[in-house]
Amino acid sequence: MRVIIQNAHLRDGRGDHGAHDLYLQDGVIEGVNLGGKVDETFDAAGRLVTPAFIDLHAHLREPGQEQKEDLASGLAAAAAGGFGTVVSMANTTPPVDDPGVVASLIHKAERLGFARLRPAATLSRGLKGQELTDFAALKDAGAVMITDDGVPVADGHLMRRACEYALDHGLVIQTHSEDPGLRQNGVINEGVVSQRLGLPGNPVAAEAAMIYRDCEIAAMTGARVHIAHVSSKRGMQVVEFFRAQGAPITCEVTPHHLTLTDAVLETFDPIHKVAPPLRTAEDIAFLRDAVRRGVVDSIGTDHAPHTRAEKDRDMVAAPFGIGNIEVTFPLLYTELVEGDGLPLETLLHLLQAGPARVMSWSVPTFEPGQPADLVVLDLEAERAVQPETFKSKAKFSPWEGLSLKGWPMLTFVRGCVAYMSG
Amino acid sequence: MTPTHLLDTQDWSVADVTALFNTADVMAQVMERTIKKVPALQGFTVGTLFFEPSTRTRLSFERAARAQSADVVSFAAGSSSLSKGESLKDTLRTVDAMQADLYVVRHAVSGVPHQLARWTDARIVNAGDGRRAHPTQALLDAYTFQKNFSGFDGFAGKKLAIVGDVLHSRVARSNAELWTKLGAQVTLCGPRTLLPPELEQPNVTLTTNIREAAEGAHAVMALRLQGERMQAGLLPSLAEYRVRFGVTEQVMAHAHPDALVMHPGPINRDVEISGALADSEGSVIEAQVANGVSVRMAVLYMLLVGRK
């Protein structure tokens, strides 16, 4: 199978290469301007062609919660968002704590032909926060990350032992850092808005204190700890404090924490309910600044789909989570690059080389022999977010109707079309 | 134009509230007659949707509806087939099939009346949502003050002190919203664990000192203290609370000489308010209950028929 993408304006981690004809053969990059016979031809005139994005944080809900999402819908949605690789979270039913489940997820995903699946496994057996899972066997089965994401690891001792144990297996520990005692039953950021709306608040201190604990453990053990979804200024300041000391910490921010404040909850629509909660304009400004200053390593979507019925419950009963993987790039391109002066290369870095480095994977480029995972982006045409067209099963969005630029037109995974617009 | 719903009093203008109080005056006269019934809402159906148990407020609304000849259908979450996991929207769909014109909604979680208002064409009256709002309580409190304060000459320059568990109180939030809209000053008072600093705003001050709160107040309102606050680590003991935050004759000595004593009920006698004070001449606690019916009659009338 040989494919040509004509007039491709190429841009990868090494820089901007201008317009060329890009050839893909048998799942890898063959080279540029080679000529010769091809099986399929695509034209990318006027579009940007760049390595497919990497998401280290998505909830694909399989096994057991297929009413919300499954591998087919979730990985198709990822491809539609320009992602070629997804690390799926393990807080499923049952949780992914068994090597056999890891292997079967990978096997199933490979037959689908959408984005690549690289599953995370839980840190604790049954996600119960008591005993460690079999890290070595899980890794052998294909798990790339250890995390109880969705549930904070309350027991500091367990987190310490997980970090120590992970060292010998080269596994990244991702933390959902929120102190359960401080968080209590909070459903929204604690502050002016929560007090006005009379909803139980989740204070910034719950996140900042737990990030501090997890960073201390990383510093003590030397384990590779990736702090998921840092949502607050104070939480990010803790990360910076430890990074300045050279602790082995990396961190992630999400599209929603970079663009939405707690004020959206004034509508009392639980589609905005997420953990950690949406914070304030001051937090957003600080997170964006941290992105600019290179403190942030990756943008993880924390794509967390639920059914509409689950989100049509009251603000306390409705589950936490926002589906966003299909709007992540257009949203951040429009709001941060076009709207807030962030260099495009920084945004691309946080979706490509940034997450690859977090995982110690090779940085994606268009060098011959590299995997032919790439996305064709239209940075010009504006289109409104239309949740009914989502590949994800969660066909609703906090950004419904918002006009955005930067839509993925075409996504290749392993040299084959994983998504085509329209 | 009367607002479509009564979710809170944010989009109710002072003119709306004044019109409501004038209507309540008419309703109060109805309730003084031998035959306490008028045909004003004949043909209308009022549905009471109480997802959280409340006998007093539901009775008050049902009385207000029936005194105007409206039909009443009642839905109580405890006694119905509402099962855990059913979405709010599905519950409403079921109830909506009964074609009520207006729903009176109470729910333990803030915002549910807003959610229901999005999904039905009927009018919604909030009878208490979580910690957020209890607008008819605030309206009847302000109405009671207007009727009972000696030589009432408007809300401007008046001070309302609200004492107790402000954190969990929709009564405190709604009264602060309404009384400041009407021109009064509001002081919220309680132990620091139950007094969120974010509630401070123009004309709303906070203090943990009950004497300071009562100083010169024209009305002092005690809030019910829930027993479970001790278990949640919010208060050390009932005894300590009573000494520092109980509304007593000694506290009232700091208030305006004609100050009214108020309580949204039900009362924990000799916990948040001394029993003698609750029964004293300055207490309008019973008047609050009676006025509750008149004010709720006026709310139903204004939302279903329009301004008089």
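Heads up, the Cβ atoms here are built off N, Cα and C, so glycines get one too.
Model, not experiment: these values are computed from the prediction.
Going by what TrEMBL states, the carbamoyl phosphate site holds B:ARG56, B:THR57, B:HIS134, B:GLN137, B:GLY265, B:PRO266, and the candidate of B:ARG33, B:ARG106, B:ARG242, B:ARG244 recorded there is B:ARG106. Those binding-site residues from the list B:ARG56, B:THR57, B:ARG106, B:ARG170, B:ARG224 that have a Cβ under 8 Å from chain A Cβ atoms: B:ARG170. Here the Cα atom of B:ARG106 (carbamoyl phosphate binding site) is found 12 Å from that of B:ARG170 (L-aspartate binding site). For B:ARG56 (carbamoyl phosphate binding site), applying a Cβ distance below 8 Å and a minimum sequence separation of six or more within one chain yields B:GLY265, B:PRO266, B:VAL289. Of the recorded residues, B:THR57 (carbamoyl phosphate binding site) and B:ARG170 (L-aspartate binding site) place their C-alpha atoms 14 Å from one another.
DSSP states for the domain 'Aspartate/ornithine carbamoyltransferase Asp/Orn-binding' (B:157-303), grouped as helix (H, G, I), strand (E, B) and coil, give 61 helix, 26 strand, 60 coil. Cα to Cα, B:GLN137 (carbamoyl phosphate binding site) and B:ARG224 (L-aspartate binding site) are separated by 14 Å. Around B:ARG170 (L-aspartate binding site), the C-beta neighbours below 8 angstroms that are at least 6 residues distant in the chain are B:GLY128, B:ASP129, B:GLY130, B:ARG131, B:ARG132, B:ALA133, B:HIS134, B:GLN137.
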